[in-house]
Amino acid sequence: MQFTHKKNRSLYIPYAGPVLLEFPLLNKGSAFSLEERSNFNLLGLLPEVVETIEEQAERAWIQYQGFKTEIDKHIYLRNIQDTNETLFYRLIGNHLEEMMPVIYTPTVGAACERFSEIYRRARGVFISYQNRHNLDDILQNVPNHNVKVIVVTDGERILGLGDQGIGGMGIPIGKLSLYTTCGGISPAYTLPIVLDVGTNNQQLLDDPLYMGWRHPRITDDEYYQFVDDVIQAIKARWPDVLLQFEDFAQKNAMPLLNRYRNEICSFNDDIQGTAAVTVGTLIAASRGAGSQLSEQKIVFLGAGSAGCGIAEQIIAQIVREGVSEEEARQRVFMVDRFGLLTDGMPNLLPFQNKLVQKREHLQGWDTTNDVLSLLDVVRNVKPNILIGVSGQPGLFTEEIIREMHKHCPRPIVMPLSNPTSRVEATPQNILSWTDGEALVATGSPFAPVTLKGKQYAIAQCNNSYIFPGIGLGVIASGASRVTDEMLMAASETLAKHSPLVNNGEGPVLPELKDIQTVSRAIAFAVGKVAQEQGVAVKTSAEALLQAISDNFWLPEYRNYRRTSI
């Protein structure tokens, strides 16, 4: 199919001179043409040679290679982003496999921990509780008039690192970089926001460099009222925006999602995005083994909002494959620090209640313990799939993995906790303990493992396979909501792009070099379901594909023409 493109048209720019060079979305640096240098008062402000973006990217790549630590590389890339965003995305696109772990997990974790120390330049919006009476003014100060995607955090549960206060801003910045890199969403349409509601991290409160509000976190009614005020202000400024909740604490994540998912186009990536990519991976892994997800028994370590969100999405997929909901729930076992979730346990959270196992079904289990540990569960359930979302390293022990492998010749093991320092077990250990027979997918990137002369690719079950395509699909279709069915469509589409499924061998997930193709396909599937469900205006398939193409931004310089403000 041939698409028409509008991206070769000139841009009319009201800025000139040093102001233009300081505008990251518009700055071309040494790539301004001689005509543009004359028209925009740039003569003498740049070296003589007019370069192409590829020449600029090659210089930046050479400079990047001169940095020895991942955090220094991260700082360097962020400086380019804050100087020339088009060059930043061209550079990332040229070296995606190398740089994605640097701009996001795992390196972004260290960047969040050291946010106030390595701070260079403002990016995004910092909304402090102290300024709660000035929300409209704060959002009016944002120069982007056509914001289409916002990622917002309150910094309380950053990856597996806990409360990082305003340091959590590193996550929305990094996440939106992936919306652009993987999903083609123009950086001009994106906005990172951190809600500064204080911090309970004493190390930050004692740090003289900490740039956030030095106050214990506000809670309960004060907190929820503040979040509501912010969201109402966002709705007033950008009524059609897609709002992604990111790294909120377990106690707040699900209530906020349930409160706002039908009020504003929104989703929680930790709960729904993680669930969608995990289900897509499991569908592909099951099909690659010649079976269906409905034939598997699944054990979770970690029963927080993310783990339970994944479990509910798995159950929905099992039901789609023809199994009753009651039977589907009997195939999913949730283990937390208090053991297997069972009926009658005290202090269960609302979202955990439907995921408990009935004690009467466990009467014949081989155990003498009142608290059923992960090892007890693995020994008695004999699962095909083991998923870790605990945030605690090393909990998938050799004994547990070997016990699983004893009853399952091709176990699927997914230690998903981020960053790498929090992973439940390393791929190297899992493969060693299973004689190379496990199928391993992780949340953070790991290098291929060589065992007995054979190399094993490690699939990264990363949300970046899902959320950029969802964002692109929402924008292209004009969807007003993100529904469960749209998320399921994303999972199915990801599974269809699995090399293991399509070729009978290879990794369970597509290579990163193919991620834009996957994102476009997910965008189409998501947009189509949105239209079918009535949350987007129905169009032809051709029109939806054209809208996806029109909205897919590429890091290329456009010609500038000068205009007055």
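All positions are counted from 1 along the displayed chain.
For all residues, glycine too, the Cβ spot is worked out from N, Cα and C.
Annotation comment: Swiss-Prot describes TYR104 as active site, proton donor, evidence class sequence analysis. Under the DSSP three-state reduction, TYR104 (active site, proton donor) is assigned to coil, being neither helix nor strand. In sequence order, GLY174, LYS175, SER177, LEU178, SER464 are the residues near TYR104 (active site, proton donor), counting only same-chain partners six or more apart with C-beta under 8 A.
The secondary structure of LYS175 (active site, proton acceptor), as reduced to three states from DSSP, is helical. The annotation active site, proton acceptor is assigned in Swiss-Prot to LYS175 on the grounds of sequence analysis.
DSSP gives ASP270 (NAD(+) binding site) a helix state. Sequence annotations record features per position, and here Swiss-Prot assigns NAD(+) binding site to ARG157, ASP270, ASN418 based on sequence analysis.
The annotation divalent metal cation binding site is assigned in Swiss-Prot to GLU246, ASP247, ASP270 on the grounds of sequence analysis. If you take the C-beta of GLU246 (divalent metal cation binding site) and look for same-chain residues 6 or more apart in sequence within under 8 angstroms, you find VAL151, VAL152, THR153, ILE171, PRO172, LYS175, ASN268, ASP269, ASP270.
Among the features that Swiss-Prot reports, site 'Important for activity' is placed at ASP270, with the record citing sequence analysis.
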Practice task
Pop the Cα-Cα gap between ASP247 (divalent metal cation binding site) and ASN418 (NAD(+) binding site) into the table, whole Å please.
Solution key: 12
Exercise for the section: May I ask which residues of the same chain, at least 6 positions away in sequence, place their Cβ under 8 angstroms from the Cβ of ASP247 (divalent metal cation binding site)? Expected result: THR153, ASP154, GLY155, GLU156, ARG157, ILE158, LEU159, GLY168, ILE171, ASP270
Practice task
Could you say whether, by DSSP, GLU246 (divalent metal cation binding site) belongs to a helix, a strand or a coil region?
Solution key: coil
Completion exercise
Cβ atoms other than its own within 10 Å of the Cβ of LYS175 (active site, proton acceptor), all chains, total 26
Exercise for the section: List the other residues in this chain whose Cβ sits within 8 Å of the Cβ centroid of the divalent metal cation site residues GLU246, ASP247, ASP270, in sequence order. Expected result: THR153, ARG157, ILE158, ILE171, PHE245, PHE248, ALA253, ASN268, ASP269
Problem - Neighbours of ARG157, ASP270, ASN418 excl. site residues, C-beta within 8 Å of centre, NAD(+) - result: ILE158, LEU159, GLY160, ASP247, ALA306, GLY391
